[in-house]
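TrEMBL has this to say about the protein:
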type	residues	note
TRANSMEM	B:12-32	transmembrane segment
TRANSMEM	B:44-64	transmembrane segment
TRANSMEM	B:94-116	transmembrane segment
TRANSMEM	B:122-142	transmembrane segment
TRANSMEM	B:163-185	transmembrane segment
TRANSMEM	B:213-231	transmembrane segment
TRANSMEM	B:251-282	transmembrane segment
TRANSMEM	B:294-314	transmembrane segment
Amino acid sequence: MTGQTPALRLEGIVKTFPGVRALDGVSFSVMPGEVHALMGENGAGKSTLMKVLGGIYQPDAGQILIEEAPTVMASPLEAKAKGVVFIHQELSLADELSVAENVYLGELPRKSFGRVDWDRLYADTERILDRLKVGFTPQTLVGDLSIANKQMVEIARALTVDAKAVIFDEPTASLTDAEKDVLFEVIADLKARNVGIIYISHRMEEIFRITDRVSVLRDGQHTGTAITADTNEEAVTQMMIGRKLDLSRNVAHHELGDVALEVRNLSCGHLYKDVSFKIRRGEVVGFYGLVGAGRTEIAETLFGLRDPSAGQILLDGQALRITSPTDAIERGISLVPEDRKGQGLVLGMNCRDNMTLPQVDDLKAGPFVAEGAEVAIFDQYRDRLDIRTPGWKQLVGNLSGGNQQKIVIGKWLSMHPNVLIVDEPTRGIDVGSKSEIHNLIRDLAAQGYAVIVISSEMPEVLHVADRIYALFQGRITREFTSEDVTEDSLVRAISGLADNGGAQVA
Amino acid sequence: MAQLTKSDIGGFLARQGILVAFAVFIIGFTLANPRFLDPDNIMGVIRSSAILGVMALGVTFVVISGNLDLSVGSMMSFSTIVVLDLHDKLGPTLAIPAMFAMTLCLGALIGFLVGYLKLNSLIVTLGMLSAIHGLTLTYSGGKNMDIADKEGTWFSVFGQGDALGIPVPILLFVLLAAFLGIVLAKTPFGRKVYAVGGNGVAATFSGIRRARVVFTCYLASAFCVATAGLLQASRSMGSQNTVGQGLELEVLAAVILGGASLLGGSGTIFKTVIGVLMLGFIQNGLLLVGLQFYVQYVVTWVIIILAVWLDIAAKRGTLWSPIA
Ligand SMILES: Nc1ncnc2c1ncn2[C@@H]1O[C@H](COP(=O)(O)OP(=O)(O)OP(=O)(O)O)[C@@H](O)[C@H]1O
Ligand SMILES: [Mg+2]
C-alpha cells in the first residue's frame with residue numbers, strides 16, 4: 001500500500017473535555033480500499049477521534065487531510081459532503097419517522113415546490129435495503145424496529161452517498177451472526193470500490209476476520225499500528241491494556257443451593273410459549289438464542305414489565321405474580337436491560353445518581369438521601385468495574401459507551417439481588433473489562449446469587465454459564481450443561497434444527 | 001486563539017445569554033429611570049412577585065417531571081373565589097382548609113389523568129384551564145366575591161401583614177421555596193422527579209412508580225396554587241373570578257427563564273426563584289419607563305421565546321445552527 005495517497009489522514013489531533021484529555025496528539029491514516037481497525041479500552045478515545053473526523057467535535061489542535069488536502073470538518077453534513085460517512089455507536093435515529101425518511105434525513109429527494117418525492121425516496125431506500133438483505137420495508141416506522149434492525153438502518157444511511165471513507169463505530173454490538181455476515185459483505189463491497197474503512201470493535205474475532213491493519217489507542221494516545229496478518233490477539237490486547245489477560249475459565253465449582261426461581265409453562269401471547277426452567281442459588285444459567293427468540297421478553301416478564309398469559313412463576317418455591325419492576329426489585333430480582341440508553345440510564349443525570357437510583361428510597365439519613373453512602377457505593381463499583389470518569393459528578397451522557405454500560409451493571413450489582421438477570425451484559429465492553437465482568441458474575445454465583453445471562457455471543461455463554469437453555473422462536477428447544485455442550489449442537493438448537501446429543505426438553 | 005472571533009462571542013452569548021440579556025435590561029431601565037434601583041421599588045417588586053413565585057415553585061416540579069401545567073392560572077382564580085366565599089359562610093379557620101382540600105382535589109384529578117392514564121399533559125391542563133374557569137363561574141354565579149366585614153377578621157394577615165418586619169407574602173414565598181427546594185434537591189422523591197423527567201422508561205426500569213411521582217408533582221402544584229389563592233384573596237379581600245387569568249403563561253415564562261428545560265429532567269427551585277425575580281424586574285422596569293401594563297402580555301411571550309431559544313443555544317454552543 002506504500003506509495004498510495006491515504007484516503008484520509010489525521011495529524012496530531014488533540015481534544016480535551018473538562019477534566020479529561022480524550023485525545024492527546026493522535027495521528028492515524030486509512031488507505032483507499034483498506035479496512036483499518038481501531039481498538040482500545042473503554043474511554044480510550046476511539047469514538048471521540050471519529051467524532052472529530054465526522055465534524056461533530058472540533059479538535060483543539062491538529063488537522064484532518066482528505067487525500068492529503070487539509071480540510072476543516074465544520075459539521076456532520078459537511079463531512080458527509082466531503083465523503084466521510086459515520087455510523088454511530090449510539091443510535092441516532094428519529095423513532096417517529098419511517099425507515100426511508102431516516103435513511104435520507106436532511107436530504108430527502110424533492111420535486112417542484114419543495115415537495116418530497118416519495119416514490120423516489122421509497123425506491124432508492126428499497127435498493128439499499130436489498131443490499132442489506134433486511135426484513136423490513138422503507139415505510140416501516142423506525143420506532144417499531146428492534147435494536148439490531150435500527151443498526152441496519154444506520155448502516156443504510158452510509159450507503160446513500162459516494163463515500164471516500166466510512167467509519168463504523170461498534171456496528172456489530174447488537175447484530176446477530178447472520179446480520180453480521182451481511183454487514184461484512186457490505187464492507188467487502190465498499191472495500192472493492194476503493195473506499196477506506198475505519199472499523200471500531202471490541203471483538204477480536206471480527207478484527208482478525210475482516211481488517212487489514214490494526215491501530216490501538218490508549219488513554220488518548222496512539223500506542224501502535226500493526227498489519228493484522230502479522231499480529232495476534234495477545235499482542236493486540238497487550239498494546240491495549242499494557243498487560244496480559246488471563247482468559248482461563250473460572251470454574252471454581254461450589255455447592256449449589258435451593259431452587260431460587262422456577263418458571264412453569266410460562267407463555268406470553270405470541271412472544272414466547274410454554275417456557276419452563278429453574279435456577280438454583282449459586283448457579284449461572286445462560287439463555288442463548290437469536291435476537292427475537294423471546295429471551296428479552298421472558299426477562300421482562302420476570303421483572304414485572306409484561307403480564308404472562310399463562311403459566312407460573314415460583315420464587316423460593318412460592319407461586320406469585322410480579323406486577324411491576326418495583327415489585328420485582330422488592331422481591332430481590334434485578335434486570336440489567338439490553339438498551340442502556342433507552343432503559344438503563346438517565347443520560348442527563350450524574351454517574352452517582354444513576355447508579356443508586358433503584359435504591360434511593362433505602363439510602364436515607366432522616367428524610368434525606370444519604371449522599372455520603374451514595375458516593376461510597378459509586379466509588380466501590382467504579383473501582384471494581386474500572387469505570388473511567390473524572391468523578392461521580394460527570395453526566396452519564398458524557399461517558400464513553402462502554403463506561404455507560406458499566407454504570408448500568410454497577411447499578412444492579414449494588415442492589416445485591418437474589419436473582420440477577422443480565423441482558424447482553426458486555427455489549428460494547430472492552431476485552432479486559434469483559435473478563436472482569438464475567439469473573440464478577442461467577443463471583444456472585446459463588447456467593448449464592450442466582451444469575452441468568454442472556455447473550456447472543458456464544459463465547460460468552462460458554463464461558464460463564466453452568467447450564468444453557470437454547471431458545472428458538474419463543475420456545476426453549478434444548479438444555480445443555482457445561483459438560484455436554486458443543487458449539488455445533490448449540491447452533492443447531494437455536495436454529496430449530498434437530499440434534500441427537502444433549503437432553504431434549506419437552 | 002487570543003483574538004476574539006465572532007463565533008467566540010456567539011458561543012459566550014449562547015451559554016450565558018439569559019444573564020447577559022438580563023444585565024442589559026437592568027442597565028437600560030436604570031438609565032431610563034433611576035428610581036428602578038430604589039430599595040422601595042426593589043422591595044415592591046419582590047412583594048408583587050410573591051404570588052406568581054409561589055405558583056412557579058409548584059410548576060417547577062411538574063416541568064422537571066417532564067410535563068406542563070397550564071391550569072394554574074384558572075385554578076388560582078378558583079381558590080381565591082372559594083376561600084372568599086367560604087370565609088363569610090364558615091369563618092376563616094374552616095374556610096382555608098376547605099379551600100385547600102378542594103384545590104388539591106383538582107390537582108389530584110389532573111395528576112390522575114396525566115400520571116395514571118398517561119394522557120398528554122398539554123391537552124389535559126389546557127382543558128382544565130377552561131373547565132376550572134367554568135367551575136369558578138358556576139360556583140360564584142358569575143358574580144365577584146367580597147368579604148362583607150373587612151375589618152372584623154384576621155384573614156387579611158396573609159396578604160397584608162408583616163412578621164419579623166417582613167411582609168407575610170414574601171415570608172411565605174421564601175419559606176415555601178426553601179422547603180420545596182430541599183425536597184427537590186435532597187430527598188429521594190426529588191431524585192425520582194428528575195429521573196422520571198430525564199428518562200421515564202429508565203425510571204420505570206429502576207423500580208420507580210412513575211405515575212405516582214407525576215401525580216404527586218401535580219398535587220404539589222395544586223398546593224402552591226392554593227397558597228397563592230390564599231395570598232391573593234387576603235391581599236384584596238375581594239376578587240373578580242378571572243383574577244388568575246393569564247398567569248399560567250407568566251409562571252411558565254419564569255420557570256423557563258430560570259433554566260428548566262421543557263423536555264424535563266432539569267431545573268431547580270433556586271433557578272426558578274431567580275426566573276421569577278427576573279420576570280418581576282423586567283415587568284416593573286417596563287412600567288417605570290412609561291409603557292402601559294398591557295405591553296407585558298407581549299413581553300411575556302417574547303421572554304418565553306427568548307428563553308427557549310437560548311436554552312437550545314446553550315446546549316448547542318452556538319446561537320444558530322444550519323443543521324435542522
Ligand atoms: N462530551 C463529553 N464531555 C466530557 N467528556 C467526554 C465527552 N465525550 C467523551 N468524553 C470522555 O472522553 C474519553 C474518551 O471517550 P470515547 O467515547 O472517545 O471513548 P471510546 O474509546 O469510544 O470508548 P468505548 O469503547 O467505551 O466506546 C472518555 O473518558 C469520556 O468520558
Ligand atoms: Mg466509543
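Quick reminder: no glycine exception, Cβ is built from N, Cα and C everywhere.
Those TrEMBL annotations? Automatic predictions, nothing curated.
Between the transmembrane segment (B:163-185) and the stretches B:44-64, B:213-231, B:251-282, the greatest number of Cβ pairs separated by less than 8 Å involves B:44-64. For the transmembrane segment (B:122-142), the list of distant contacts is 68-71, 73-75, 77-78, 81-82, 85, 106, 109-110, 113-114, 241-242, 245, 248: same-chain residues at least six beyond its ends, Cβ to Cβ under 8 Å. Highest Cβ pair count under 8 Å relative to the transmembrane segment (B:213-231), across stretches B:44-64, B:94-116, B:251-282: B:94-116.
Below 8 angstroms of C-beta separation, residues 72, 76, 121, 167, 169-170, 172-173, 176-177, 180, 184, 193-194, 197, 217-218, 220-225, 227-228, 231-232, 235, 247, 250-252, 254-256, 258, 260-262, 264-269, 272-273, 275-277, 279-281, 284 of the same chain, each at least six residues beyond the ends of the transmembrane segment (B:44-64), sit close to that stretch.
Sequence-distant contacts of the transmembrane segment (B:251-282) (same chain, six or more residues past either end, CB-CB distance under 8 Å): 18, 22, 25-26, 29, 45-46, 48-49, 52-53, 55-57, 59-60, 63-68, 70, 72-73, 177, 180-181, 184-185, 194-199, 299-300, 303-304, 307-308, 311.
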